[in-house]
Amino acid sequence: MNLDLLSDPLFLWPCLTGLVFALLLPLCGAYLRLRGEWLAALSYAQMAAAGSLSAAALALPLVLGGPAAAFLAAAVKNAFEEAAEATRGAAYAMLLLAGWGTAVLLAANLPLAERLGHALFDGQLYFTDRSHFLAALGAFAVAVPLLRWLSRPLLLSHFYPDFYRARGRSSRRLHLAFDLVVAGVLALATTSVGVMAAFALVFIPPLAAAPWARSWRAALWLGALLGGLAHLLAFALALVLDQPFGPVLALLLVLLGAASALLARGFPRIAA
Amino acid sequence: MPTASAHPLLSVAALVAGYGRPVVGPVDFTLARGEVLGLAGPNGSGKSTLLSVLAGAGRRFAGSVDLAPGVEISWQTQRQPAVAGIPLNGRELLALTGASAAGLPPWLAARLEERLDRLSGGQLQFLHLWACLQAPADVILLDEPTNNLDPQGVAALGAAIAARAAAGAGIVLVSHDDDFVAAACQRVVRLPGGQRP
């Protein structure tokens, strides 16, 4: 394969769709990382995969199944935390396992789900077309203003939870709103680029950007830039080397994250 | 300095406060605009617990806490948020609470563009104090604000508290540092020591 294939709609739409999510997911990841909730990304992605496979099994639109399952996961996670503050974070692991178990069983028992399951877990982008690209653009257009609106309260409630409470504001409602935004974005991203590629784009670009940014705003921009560049490079490599996209992107991002950490440690004066 | 209003910002009457059980009280006091009120007492006397009830967080077992209509509260607690690895700078931190950077001591104003995890413990503590002290608010609750501050920081804090009160805020200050309380406060409510039986 070669890069000329990029002009083919079969590859162009997946590339553009992935690029939109590669710019958007690191923004979500920056706030998840702030709250120490990066595992939430993996559990939402896994639940979205299970939802998509369930929708396929029931002959329902995939684009509904993934987000529905991810929204359900966000609601369950918030309800779980409200009921048991002491075990905060346990909901992620339970949702992750529930999503994985459901998805694997569906893939193992239904032929259509098996094919889709491979796409979701390998990140082959087999099912990505123009409609996915438009859905990605829609998610970007909705999620970016929402994240911008939520940014100050999220940061304020993180740094000054007591101040935030004394102002009569509810951090539970705030966090539920944020979780729903992230769940929606991750669900759409998962059905387009796969579970692990979506998780890698949430987790690693903000991590790699953090040592080099002198401000929160700069970290957001740098994370999105790193995500976008990593996606384009991974897509090209996957085409040229005829490899599945998801693992190539994940490994590339792992290298990026490791290089950032090593450089920041080796050259602390250059780091912000 | 503004004169004390006939209608206080905050009125506390026969307040008994705590969490699982009563810790402090009964306590009575009022707070007027432009006033700095100190809550003093030994460790365990319930100073921080009392502040938390004023902020609406702790449990009120008896008595009343009345805020004037429309009063906004700013509450600085001893809880220090983790900042390691978070790329937020000082100017962005102040913007979160709506605090102005005008009037910051020069030794901190010069470092506002730096990330929080590059500041010293004392600089970070002062910045957190400033973020709460200068936030738009009518009643400001400060809990052990001199912790981690060197003498230069304590002096700057005293000046900032006086200026904020002069601008019309009412401030309730909890501290085990009797010298600071005596210097910064116009009135002191002393709580009896030790835990209630």
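One is the number of the first residue shown, and numbering goes on along the chain from there.
Glycine is treated like the rest: Cβ placed from N, Cα and C.
Bear in mind that TrEMBL entries carry predicted annotations, made automatically and left uncurated.
Listed features, source TrEMBL:
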| type | residues | note |
| --- | --- | --- |
| TRANSMEM | A:12-32 | transmembrane segment |
| TRANSMEM | A:52-77 | transmembrane segment |
| TRANSMEM | A:89-113 | transmembrane segment |
| TRANSMEM | A:133-155 | transmembrane segment |
| TRANSMEM | A:176-204 | transmembrane segment |
| TRANSMEM | A:216-241 | transmembrane segment |
| TRANSMEM | A:248-267 | transmembrane segment |
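For the transmembrane segment (A:216-241), the most Cβ-contacting stretch among A:12-32, A:89-113, A:133-155, A:176-204, A:248-267 is A:12-32 (pairs under 8 Å).
Within its own chain, the transmembrane segment (A:176-204) has Cβ neighbours under 8 Å at 14, 17-18, 21-22, 24-26, 28-29, 31-33, 38, 40-42, 44-49, 51-52, 62-63, 66-67, 69-71, 73-75, 77-78, 119-125, 127-128, 132, 135-136, 139, 143, 146-147, 150, 154, 227, 230-231, 245-247, 249-250, 253-254, 256-257, counting only residues six or more beyond its boundaries. Remote same-chain partners of the transmembrane segment (A:248-267), defined as residues 6 or more beyond its termini with a Cβ less than 8 Å from a stretch Cβ, comprise 123, 193, 196-197, 200-201, 204-205, 207-209, 211-212, 226, 230-231, 233-235, 237-238, 241.
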